[in-house]
Amino acid sequence: MNQELTNNPFNPVAPLKTFDEIKVSLASPERILSWSFGEIKKPETINYRTFKPERDGLFCARIFGPIKDYECLCGKYKRMKYRGVVCEKCGVEVTLQKVRRERMGHIELASPVAHIWFLKSLPSRIGLMLDMTLRDLERVLYFENYVVIEPGLTELTYGQMMTEEEYMDAQDIYGMDAFTANIGAEAIREMLAAIDLEAEADQLRADLKEATGELKPKKIIKRLKVVESFLESGNRPEWMVLTVIPVIPPELRPLVPLDGGRFATSDLNDLYRRVINRNNRLKRLIELRAPDIIVRNEKRMLQESVDALFDNGRRGRVITGANKRPLKSLSDMLKGKQGRFRQNLLGKRVDFSGRSVIVTGPELKLHQCGLPKKMALELFKPFIYSRLEAKGLSSTVKQAKKLVEKERPEVWDILDEVIREHPVMLNRAPTLHRLGIQAFEPVLIEGKAIQLHPLVCSAFNADFDGDQMAVHVPLSLEAQLEARVLMMSTNNVLSPANGAPIIVPSQDMILGLYYTTLEREGMKGEGMVFGSVEEVQHALDAGMVHLHSKITARITQIDENGLEVMKRFDTTPGRIRLGALLPLNAKAPFDLVNRLLRKKEVQQIIDTVYRYCGQKESVIFCDQIMTMGFREAFKAGISFGKDDMLIPDTKWPIVGETRELVKDFEQQYMDGLITQGEKYNKVVDAWSKCNDKVTDAMMGSISASRKDADGSEMEPNSVYMMAHSGARGSVTQMKQLGGMRGLMAKPNGDIIETPIISNFKEGLTVLEYFNSTHGARKGLSDTALKTANSGYLTRRLVDVAQDCIVRMRDCGTESSITAVAAVNDGEVVSSLSERILGRVLAEDVVRPGTDEVLAAAGTLIDERMSDTIEEAGVASARIRSPLTCEAEEGVCAMCYGRDLARGTMVNTGEAVGIIAAQSIGEPGTQLTMRTFHIGGVAQGGQQSFLEASHSGKVVFDNAQTLENDAGEIMVMGRNMKLIIQDDNGEERASHKVGYGTKLFVTEGQKVARGDKLFEWDPYTLPIIAEKSGTAKFVDLVSGIAIKDETDDATGMTQKIVIDWRSATKGNELKPEIILVDADGEPVRNDAGNPVTYPMSVDAVLSIEDQAEVKAGDVVARIPREGAKTKDITGGLPRVAELFEARRPKDHAIIAEIDGYVRYGKDYKNKRRIAIESSEDPDHKVEYMVPKGKHIPVAEGDFVQKGDYIMDGNPAPHDILAIMGVEALADYMIDEVQDVYRLQGVKINDKHIEVIVRQMLQKWEIQESGDTTLLKGEHVDKQEFDQANAKALSKNGRPAKGEPILLGITKASLQTRSFISAASFQETTRVLTEASVQGKKDKLVGLKENVIVGRLIPAGTGGATMKVRRVAQDRDNVVIEARREEAEAAAALAAPVADDMVGGDVFDQPVHHEEESRD
């Protein structure tokens, strides 16, 4: 059992035991004793004089092993030759000191103790097993109440609680032996031991069939789950109460001598000491037959000390040490960021690494980095030693060490040899995505700073203001190979988030390229003609022609057939020099660079070169344009002075106009024509417009081309060049320097009405300066907080998606999703071609109106195909998606499509889940780190009208309009759309037209681009009369339902609807306005219903009681929320909210069926709305809506499945339940993308789909049928299918269930792997659950494998594991055959006495043999 770990003195490493799964379960007392090497009887640790461990104490050498290698405690046996001898004097076995890390001890408890995890971790497992409440349990355990265990023939019941007095009385009444009642953990243990699990389970199932109501079945199901898990796992319930406590090995709770004779010790020793002390005292008290009350108190204290050892602070007071600091218990060792899981198992420190400051290395190639000689010498020491020895320069390691320390010249030569083609990895913290670690070839440099290639800065998000980076050396050949092939910076040109190049010039380089490609009128040498590129260069060098002159030149190009041809171009010398760097390729013509290059264009050029000319060419090209960009920027000498910021002359007139406008608004407000909110909104709008005008004027004057004396065009303004090229700065920043600073936001996001009119060049007034501090300070504090939030979001995403790996080529699924262009407010934000690029088609795409197949099903769409499809005017395509993939584990390659970072089909073994999590999480951090550059300047201004974005013919969809007195057309419909069609009838734009919108166009009218289509009031939502008549107020009682609000400033009064439910008699009221005709009869609408307008809270009435109302008049207005500034601050929590699948506070109510709206009888403070199905009038679905909420549908309206009955954000769960998976996916993708798009961040849809797939893994059981699944349980789709297949094979009823959406935190905690869940959050709860259920971890995901110390089953790790498994199987066959031979031989030989055979030959199961080396 406890054999020595090392079998061979010369091979101290025992053969590795391979395993396929890890099971965790409760330990029985026998199991604990089998681990133990002896009982610990004394609380002493070591003798303070001799520093030797005390015998039978917490560090006892006899139990745990020797302190020095191969030496017993008293020193009688020393050295290897006595290996395995047990010293008869001190009882210590002579062996390695290392065994003190693995040998355990135990403590025999004088009285049983409940394990706090199973007692207090909710739901309490002991409580569920015994069907007792936690309070009752604690009363029994902490000796306050007795519990009846065996009622006998008395009137008592099993599990009844009794106080001490009641117990005495009962004994008097029934006699001493008539019943059994007990107190403390013994009682609980007896009750648990008495449970017959199978009978209990049958009983519970029977109860469940009869149970009615809401809570009862839930409770029974909870108990049944626990009982079942005990049955399946083979655990016994009484093991939740401990009689023996294991003691962990002493080296894991060390006692370290400090200088000065003091000791530092682990808290665990303190906690163990407490337990031993109390246990020994209890033993003694029992021997002395002490009074009950004393013994009980001691037992209670023992229970408390064991609780503290397992989980300090979970119950009662926290036990503190000498310095008032809480002691770290066993649970605390595992929990949290500093616990075992996250600190030591998931993140380890590594050797062969160093760190230093980084500086730029513009003369490096893309695959190189500069490594300081000193660092290289230290990092590559072992390699240098071995080379020195191989070359015969040193005979021993010691000599080699001396040589290296003296830094002899031959050492440097050898260092050069060693680092040749030995890549090193550079890493910059925070590593937000996989491009944060890349491999480079080191180049030795003088100095102490690492040199980094400028082009990889954007991938590392590095700058040279003092950033540090770490260097790591891959040692083994395999590691070097992987670093070279997979991690080399030249292999990471494209970003995994969106497939765009990430190795892109920035700042100086962009400025240089922009300057090079400028074209100016009237420069020297304009109109010259050149025969070749060389001639141009010659003329430039001779100074005959300017870099920016307009010239004509002949340039070599490649035509379609791959032949070289000469073509003439009108261009400039600068562009020709740039064109000379382009690789010769038909797909990369000179036209690519024959234009003014801004950052976007440069990125596009690199993308084109990478796609069509291959990786090698594009890397060389990048290096060349980097060098050129730097050189030209330096030659151009572009700089920035205060006179480069031009303040437009028209600034003050524009500001004056706006001031007049604002005065008007103030006046209107004083006259009571508009409310304060409207005035605020109008003022804010006026100033935003003014700001835009000033900015336009400034940009106009800065970007205007100027001529000098001799008529040649001057260089553009240098600040304009910087911003326009995309090198640095933005229009917003220029506006603040030379226009006006604009409106500022308060910390809560409201906009301050008074803008900052000055700019930084003029200088701010004191008041303006004070106003601008708000935003600036908020920006800084946000940055700090959001970084943490974003990091946490990434961590949750990684955790939920970590086991999503490409496991197969094709899962063969039939289902797919529809891709359409994403349209936002009538403008296409991402085209169909962007959405289908790199995806696999599920169905053929045909040219509209014909049968011509543009792309067949099953093809991977590349750039050419997507362009073809886009040009053909295809509206939508069906594509494969990770959401619909049917692979058992992970996803299949066909459903995923292209690996964005490589531009080819994704490989099996790619960890797409982690890539998705990083792609979504990384920009979150980026954006939050970048909020403050604009300094809190408000970006806002509401749009109140819409102009045609295309010309064409107007078509209405679901039209419902009404003409009012003034002859204006008002929209009365809820889901009306305005569509603009081109001449072929193709839809060019579509806009949702909201209720109350004023239309300027009619059906069939032709509009030109820029025509005004319709306008609306962005600040209030009107309620419009549909018929004429007299208004009559119902229940609008002054003081209860409406209040007259008098504005102090204007003296005008308005009637505002207030929350009437809070008033004493308010609940009966139904405030509304109805229309009556001259006879006082209600006016009826077309459907024959009376025209009523229920009022919602905060509505402002626009008419008086008994007023005449014409059709189309506004009856009341409901204010909309004011304009808030939008930035990722609102965005990051929004993304988290979406992925956590939280229900929004006032969530929209979605219609579940098609049908007609009917208002039902009202409740106290809820309104009842029913939808009567259009197919089956008896089928109704009811909804409750809080009174006072505005309901956008009226009695008798027809609604379609999926329409909103109440406005707000929909809850994603509802979308899933009503509209299905695809609608949910569309919603999630659009919402998440909207947040990122606002920041200009591109993320591919498939990443979001992968995360949503992980959120949809579980099914909720509706009916259990004849399966073992229970109603309300969440199970994996696989388990669900398996259980149903099992039931059907026995001709039983299958279970019914439906997919549910879990938030990412919930989903990570419910993964199959308990190791992964435990390392994520709520460690104790996860482990408690796992051990009760006897869970097995199959080690499928990445985290589990990292934790148990294996290669991850992705990438090369996945392949290695396959090979290993095959080898293992082969070995097993051979070993079996050998064993059978040996057994046969043994049987032939004479029978030998048993004790002659050594006990350790057959001890290890045979299949644990080391893998074969062939």
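Numbers here mean position along the shown chain, with the first residue as 1.
Glycine residues also receive a Cβ, built from the backbone N, Cα and C atoms like all the rest.
Counting only same-chain residues six or more apart in sequence, the Cβ atoms lying under 8 angstroms from the Cβ of CYS87 (Zn(2+) 1 binding site) belong to CYS72, LEU73, CYS74, LYS76, TYR77, GLU93, VAL94. What Swiss-Prot lists as Zn(2+) 1 binding site is CYS72, CYS74, CYS87, CYS90.
Following the DSSP three-state reduction, the secondary structure of ASP465 (Mg(2+) binding site) is coil. Within the same chain, no residue at least six positions away from ASP465 (Mg(2+) binding site) has a Cβ under 8 Å of its Cβ. Summarising the annotation, Swiss-Prot assigns Mg(2+) binding site to ASP463, ASP465, ASP467.
CYS892 (Zn(2+) 2 binding site) has a Cβ environment of 22 other Cβ atoms inside 10 Å. Annotated Zn(2+) 2 binding site per Swiss-Prot: CYS811, CYS885, CYS892, CYS895, in sequence order.
The most crowded of the binding-site residues listed here (CYS72, CYS74, CYS90) is CYS72, judged by how many other CB atoms sit within 10 Å of its own CB.
Comparing CA positions across the binding-site residues CYS90, ASP463, ASP467, the one lying closest to CYS895 (Zn(2+) 2 binding site) turns out to be ASP463. Comparing the Cα of ASP467 (Mg(2+) binding site) with the Cα of every entry in CYS90, CYS811, CYS892, these being the binding-site residues, the smallest distance points to CYS892. Of all Cβ atoms in the protein chains displayed, 25 besides its own lie within 10 Å of the Cβ of CYS885 (Zn(2+) 2 binding site). The separation of CYS892 (Zn(2+) 2 binding site) from CYS90 (Zn(2+) 1 binding site), Cα to Cα, is 63 Å. Listed in sequence order, the residues ILE358, ALA462, PHE464, GLY466 complete the 8 Å Cβ shell around the Mg(2+) site centroid, once ASP463, ASP465, ASP467 themselves are left out. A helical conformation is recorded for CYS895 (Zn(2+) 2 binding site) in the three-state DSSP classification. A 10 Å cutoff on Cβ-Cβ distances gives CYS811 (Zn(2+) 2 binding site) a total of 18 other Cβ atoms nearby, all chains included. The distance from the Cα of CYS885 (Zn(2+) 2 binding site) to the Cα of ASP463 (Mg(2+) binding site) comes to 41 Å. Taking a C-beta cut-off of under 8 angstroms and a sequence separation of 6 or more, ASP463 (Mg(2+) binding site) has the following same-chain neighbours: CYS457. Between the binding-site residues ASP467, CYS895, CYS895 has the most other Cβ atoms inside 10 Å of its own Cβ, all protein chains included. Those residues of the chain, other than CYS72, CYS74, CYS87, CYS90, with a C-beta within 8 angstroms of the mean position of the Zn(2+) 1 site C-beta atoms are LEU73, GLY75, LYS76, TYR77, GLU88, LYS89, GLY91, VAL92. The record gives CYS811, CYS885, CYS892, CYS895 for Zn(2+) 2. Within 8 Å of the mean position of their Cβ atoms, the other Cβ atoms in that chain belong to MET808, ASP810, THR813, ARG880, PRO882, THR884, GLU886, ALA887, VAL891, ALA893, MET894, TYR896.
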